[in-house]
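Annotated features in Swiss-Prot:
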type     : residues : note
DOMAIN   : 492-641  : domain 'STAS'
REGION   : 641-656  : region 'Membrane targeting'
TOPO_DOM : 1-75     : topological domain 'Cytoplasmic'
TOPO_DOM : 97-146   : topological domain 'Extracellular'
TOPO_DOM : 192-202  : topological domain 'Extracellular'
TOPO_DOM : 224-227  : topological domain 'Cytoplasmic'
TOPO_DOM : 249-254  : topological domain 'Extracellular'
TOPO_DOM : 276-306  : topological domain 'Cytoplasmic'
TOPO_DOM : 328-343  : topological domain 'Extracellular'
TOPO_DOM : 365-383  : topological domain 'Cytoplasmic'
TOPO_DOM : 426-448  : topological domain 'Extracellular'
TOPO_DOM : 470-656  : topological domain 'Cytoplasmic'
TRANSMEM : 76-96    : transmembrane segment
TRANSMEM : 147-167  : transmembrane segment
TRANSMEM : 171-191  : transmembrane segment
TRANSMEM : 203-223  : transmembrane segment
TRANSMEM : 228-248  : transmembrane segment
TRANSMEM : 255-275  : transmembrane segment
TRANSMEM : 307-327  : transmembrane segment
TRANSMEM : 344-364  : transmembrane segment
TRANSMEM : 384-404  : transmembrane segment
TRANSMEM : 405-425  : transmembrane segment
TRANSMEM : 449-469  : transmembrane segment
Amino acid sequence: MTGAKRKKKSMLWSKMHTPQCEDIIQWCRRRLPILDWAPHYNLKENLLPDTVSGIMLAVQQVTQGLAFAVLSSVHPVFGLYGSLFPAIIYAIFGMGRHVATGTFALTSLISANAVERIVPQNMQNLTTQSNTSVLGLSDFEMQRIRVAAAVSFLGGVIQVAMFVLQLGSATFVVTEPVISAMTTGAATHVVTSQVKYLLGMKMPYISGPLGFFYIYAYVFENIKSVRLEALLLSLLSIVVLVLVKELNEQFKRKIKVVLPVDLVLIIAASFACYCTNMENTYGLEVVGHIPQGIPSPRAPPMNILSAVITEAFGVALVGYVASLALAQGSAKKFKYSIDDNQEFLAHGLSNIVSSFFFCIPSAAAMGRTAGLYSTGAKTQVACLISCIFILIVIYAIGPLLYWLPMCVLASIIVVGLKGMLIQFRDLKKYWNVHKIDWGIWVSTYVFTICFAANVGLLFGVVCTIAVVIGRFPRTMTVSIKNMKEMEFKVKTEMDSETLQQVKIISINNPLVFLNAKKFYTDLMNIIQKENACNQPLDDISKCEQNTLLNSLSNGNCNEETSQSCPNEKCSLILDCSGFTFFDYSGVSMLVEVYMDSKGRSVDVLLAHCTASLIKAMTYYGNLDSEKPIFFESVSAAISHIHSNKNLSKLSDHSEV
């Protein structure tokens, strides 16, 4: 190797592998979105609405954290931690300005399966009841949260792995009907899980296939064990919550700050329970002791990761899909963009980091996001401000929640799921717009109810792909290109006789194994139809119509016209501008079209081809030695045909 070449190679290598300062800054801003918006934060315009939204969000985070921790079969205090740490991590790495990450009903329900399976309730009598050094909780409670933290950790690892593999671009298969049906079904599961608290019943943990129906069967079998006091308090709480929230919605334009009815109800119910000693007098279940402070971080137990991999995948997929839908809705509403892959990273890190602080799996929630909308939040600063108030609850106010009745907490959760439950109204929309989507919605909801949210999500995605695969090969792949515009462009440069022997076909779809044969059939049918309009039927019937070339040669195979065929050579131009991607079968079919036409004295030219298509066809069909068949535009291809025709005329004159 010469010195000049070695120097040139080393310079190229140095240029390729030496990152520039601007590249590093851009990478940091792309992976840490907070660096992009925080320096431009407008204190004067945004701080007040973000503060108000943060206070209201903190109320939601605390109530949902307590309830979803119980839903996840762990001590309520861990729900407070799950409302704190994920929100901080997402504010740094996430792109959704109105996405409130924290505890989530669907992920809590999934993680509860692992907790109840590995540390069942009957183990409480087998483990030591002495308080541990962590938060003063029993060994049983700590074993349970370690399982939930392991689910959170492994779920986060899966999400980060999906970010590395750039699988965010594959989320297009999770359509709106699938998300709507899955979240509605999961919300129905959550409501069902709260029935025992609403009725004041003691009920064993029921899960698994058809567990939804077994729960209601158990309720009806033990209907006499319902506590009337809990039922009445639940009904009163639900009525108050629904009424006040509806009034807030009606008058939100006239009042600047809505009434925090959740907070008012918590204070009133706790005070009433304390004054009347409802826990002992009426046997109402209360939240109980809430430890103060945050424990030192500790790694989740790695030895049980293999045992929770099913729940971890469910948490990773369901949590991400639900959160992404909210982030995309926020971006669409407020006119900004998000990166689907970056959301994988943000939620993955939220789950991984939080698992070291005894947190249950996290995701964004519809109720909290809607709350940020209604209170006028501008940025993730609202979530960070809410974290300050959550810290106050953890260190100071937490013990006062001891007397909060569980039936009131369950009522708050049920009413908070209203946004998901009213998605039943989407059925009318899907029925009127696309009945196949209606069928996918109903079947996905049924599978979610009968099995679980992750099973319903998987079923919905499979149904969507099956519908696409079933309909894709039947979609029209080619069409005759409008010739009027083309004639106008070329009429000053060439005679119209050239265009009479040219057929321009537009490829409208990707060419893959699903539609390769359909492409060939469509191409032949269109050309036969065009030719049938310009020739007698008797001529067509005398031709072989099973091959592409006989279609292109105008069907004139009788003796009267056979002499004119060589002089009137036809050309086929394939406009590949709508040809977005291809596979081996697609390239094989294109080469087959070319070779078939070549053997029948028909020229096939391709316009608007990508470099990858040219390379693939050249390699597959060994076209290196062929005359030019690839052109940058349809006009260039027609000009090539016209030039060849003029050369042919000159050749004929010279022979004469």
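Placed from the backbone N, Cα and C atoms, the Cβ positions cover glycine too.
For the topological domain 'Extracellular' (426-448), DSSP puts the residue distribution at 22 helix, 0 strand, 1 coil. Of the recorded ranges 76-96, 384-404, 405-425, the transmembrane segment (171-191) has the largest number of C-beta contacts under 8 angstroms with 405-425.
Remark: the transmembrane segment (307-327) makes no contact with the transmembrane segment (255-275), by the rule of 3 or more CB pairs under 8 A. Tertiary neighbourhood of the topological domain 'Cytoplasmic' (224-227): same-chain residues 199-202, 282-284, selected by CB-CB distance under 8 Å and a gap of 6+ residues from either end. Most Cβ pairs under 8 A with the transmembrane segment (344-364) among the ranges 76-96, 147-167, 203-223, 255-275, 384-404 are made by 147-167.
Contacts between the transmembrane segment (255-275) and the transmembrane segment (147-167): absent, as fewer than 3 C-beta pairs lie under 8 angstroms at sequence separation of six or more. Within its own chain, the transmembrane segment (76-96) is flanked in space by residues 31-34, 61-62, 64-70, 102-103, 135, 137, 145, 148, 287-288, 290-291, 294, 323, 326-327, 330-331, 337-339, 342-343, 345-347, 349-351, 353-354, 357-362, 364, 380-381, 383-384, 386-387, 390-391, 393-394, 398, 401, which lie at least six positions past its ends and keep a Cβ under 8 Å from the stretch.
With DSSP classes pooled into helix, strand and coil, the tally for the topological domain 'Extracellular' (192-202) is 7 helix, 0 strand, 4 coil.
Within the topological domain 'Cytoplasmic' (224-227), the DSSP-based counts of helix, strand and coil residues read 2 helix, 0 strand, 2 coil. Panel annotation: around the topological domain 'Cytoplasmic' (365-383), residues 34, 37, 41, 45-47, 49-54, 56-57, 60-61, 64, 87, 90-91, 94, 97-105, 183, 248-249, 252, 258, 322, 326, 329-330, 333, 416-420 of the same chain, lying at least six beyond its termini, place a Cβ under 8 Å from a Cβ of the stretch.
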